[in-house]
Amino acid sequence: MLAKLLTKIFGSRNDRTLCRMSKAVDAINQMEPAMEQLSDEQLAAKTVEFRDCIAQGATVDSLLPEAFAVVREASKRVFGMRHFDVQLMGGMVLNDRCIAEMRTGEGKTLTATLPAYLNALSGKGVHVVTVNDYLAQRDAENNRPLFEFLGLSVGINLPGLPAPAKRAAYAADITYGTNNEYGFDYLRDNMAFSPEERVQRKLHYALVDEVDSILIDEARTPLIISGPAEDSSDMYRRVDKLIPHLIRQDKEDSESFQGEGHFSVDEKSRQVNLTERGLMLIEELLVKAGIMEEGESLYSPANIMLMHHVTAALRAHVLFARDVDYIVKDGEVIIVDEHTGRTMPGRRWSDGLHQAVEAKENVAIQNENQTLASITFQNYFRLYEKLAGMTGTADTEAFEFSSIYKLDTIVVPTNRPMIRKDLADLVYMTEKEKIDAIIEDIKTCTERGQPVLVGTISIEKSELVSGELEKAGIAHKVLNAKFHAMEADIVAQAGQPGAVTIATNMAGRGTDIVLGGSWQAEVAALESPDEQQIAAIKDAWQPRHEAVLAAGGLHIIGTERHESRRIDNQLRGRSGRQGDAGSSRFYLSMEDALMRIFASDRVSGMMRKLGMKPGEAIEHPWVTKAIANAQRKVESRNFDIRKQLLEYDDVANDQRCAIYTQRNELLDVADISETVKSIREDVLKTILDSYIPPQSLEEMWDVQGLEHRLKDDFDLDMPVAQWLDDEPGLHEEILRERVLEQMLAQYQRKEEIVGSDIMRNFEKGVMLQTLDSLWKEHLAAMDYLRQGIHLRGYAQKDPKQEYKRESFAMFAAMLESLKYEVISMLSKVQVRMPEEVEAMEQQRREEAERLARQQQLSHQAPVEELTQGSAAAAQEGRKVGRNDPCPCGSGKKFKHCHGKLQ
């Protein structure tokens, strides 16, 4: 109550911020006449002037009013578009490390040019982040003339570009690209083997378009660079055949309930749990299939990977549906983004889930992958010195932006008042009744020439509505993941009189729906149109535009509520842009996922009390409130999941930063011999301490063990026992120094043979390779730890604290292993004189020829075939270890057989 009273007196924080900014807007407007007097050359020269000011110590913020006035004037001359006052405010919000909520059609792309120009003046680079490649390319090309007029360079960071092109894109003053590509480039840079391979500069300023989609919807999806692991595709197929024998039951077994089914599904948490009966059946089926031994348990440690396969197969069949979560195209399973409805080629689910879905759909199963490097968007974007974002819908997630990213959300007013009518939800008992009502609404709209945009939550639902429209004889276009390439064209013309467009979720975000259709799109479709053709297209568009306005503008139909209110608002926001007329309505049924899982009891109780008849809809504030509460519950749950994910990932992030910092220091230093020397002393001290404890009696020394360890791990023949026999009074400290001297002397001899330059490069290469290999293993170990850590809660321990403690111990152990393995490898490496190398090569060739003759004489497969076979095996991911049996069937180890030929 008090808070409301104070807000009434002093205004909200948002109002006070806008009031402060309006003074800066007045200052910019006062500069406009002076800017108009400048010639093009004088206006462009302002950039050099600003850069000189920054070089002399001026801050970017102190230049804001004049810099914004320069961009506004340049935009008038280049595009014929003048930034509105509210767009200037939006630019200030973005410069202040905040999120600007600007409604659809308010010109976010043009607004972004203001802070992008201002922050590019420092010369540290600006990254404009978009949700897909099409928008990155479109925005870069659209804004390039403006920035180049002002003397700034523009780069586009697209997937698949060669390293020199990427480096050039990042070296530009302003770089456009997708969130995925920026993140992957960061990971790739931290896997580089020379400074020249890196493409990114220091991360300075990120300006994120559709910030809610990237920082919230995709926050739970880590970016992973992976390499192939062992092949287990056959096991996925064998286990997949067993799943159809299992029967679902409604709820989980408990003391009071024992079901007849084999598994239960928790739709809220998207988990599948085997019942006791199900476990017995699956064990029986696994034994019959010859996958498991009689009498074994699926939960025994030996069958941990088998349990992993069963769980993945069960989830693939029960939780993941074709044309909802994924599509099958050209024999490949492609994930559909649940938030945008777009396909994500190249993305794969982890933990064997993707392979299980491939087995279910009977397509080629690709190898499981092992993580080489990963980062979440939450942690990647927090690496920037300065972060800001813009979207049409951020206010509902303001708390999350503030608590996780330290970004305040400012709602920027619209240039013209919004007059869209948001009609109350209509709730039906069944899905069929709801679809029938939607078709009737569409018919009514098309009869009066009003365009309709129908929003669905999955491909399956969009095709269901499409099928019903076909039956009713209503012409329409479908925009979903299957027709991804036509997205922008379909959306651009969705405002034509009487047009009906079905869109999955918010596919097509970033493209405005113009009432009457886009005349610019019609012009773009023509090959080099002349002035007369353009004028004719504009003249034809004007009456269409007025007819649509008279019919009520664009009508939005939501076929069901999304889990998040924000995504519903995004759908509504496609209508009523720039003060245009428009309307929206959501149609719901008691069979919708959200209603069934979160709101069914309360709402169905209300419907029964109101005496609902088939085909009748309920339209009541109570129902709308119950649905909003259900959505808040889901949003709160999803926020908790993201927050928890971040808390766990922060532990890994600290370690990631430490490893990447160390790795970059290694790359940037030409000579790491001092580091190697220091590590060698540490390693040797640890080994000597374990066999010759400090200040201990000679009887406690394990001299024989020390000799074996030095020989096996460091290829050092140290007659320690002989030294002690020859010098009975040899002191422990002198012994330690002698071992170190011998080790250094052996290493020095190798360096004399190959030269110091080669040895320095070799040291760096060994250090980087070992670091990468151990980091990869550490990531896998962290994954396993993370998956089971929640069980510590049963022992009255805090899983997060346990995870921090254990992961730190694992990290410390990894760093010790790094030291040990680097020194071991450097000590064991054999160096040869050039003539020795040539003699060994000749011997190897003769041995290969002898083996080939032997095999032909004994009627075995020719060598070429066998080597091709092993190469094919390698291509398929079946890497043959040097100590594994040779694939030729000789019974010998690979290194003693065909491994000799490689």
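The chain as shown is numbered from 1 upward.
In case you wondered, yes, glycine gets a Cβ from its N, Cα and C as well.
Residues Gln87, Gly105, Glu106, Gly107, Lys108, Thr109 are given by Swiss-Prot as ATP binders; from Asp512, Asp530, Asp539, that same site also lists Asp512. Matching 227-278, 851-902 against Swiss-Prot, the residues noted as region 'Disordered' span 851-902. When the binding-site residues Gly105, Gly107 are scored by other C-beta atoms within 10 Å, Gly105 scores highest.
Cβ crowding, taken as the number of other Cβ atoms within 10 Å, peaks at Glu106 among the binding-site residues Glu106, Asp512. Here the binding-site residues are Gln87, Thr109; the one with the fewest Cβ atoms within 10 Å of its Cβ is Thr109. Lys108 (ATP binding site): 22 other CB atoms within 10 A of its CB, across all protein chains.
Those same-chain residues not listed among Gln87, Gly105, Glu106, Gly107, Lys108, Thr109, Asp512 yet with C-beta within 8 angstroms of the centroid of the ATP site C-beta atoms are Met102, Thr104, Leu110, Thr111.
For the recorded site, Gln87 (ATP binding site), the DSSP three-state label reads helix. Here the binding residues for ATP are Gln87, Gly105, Glu106, Gly107, Lys108, Thr109, Asp512. Their largest Cα to Cα distance works out to 17 Å. Reduced to three states, the DSSP call for Asp512 (ATP binding site) is coil.
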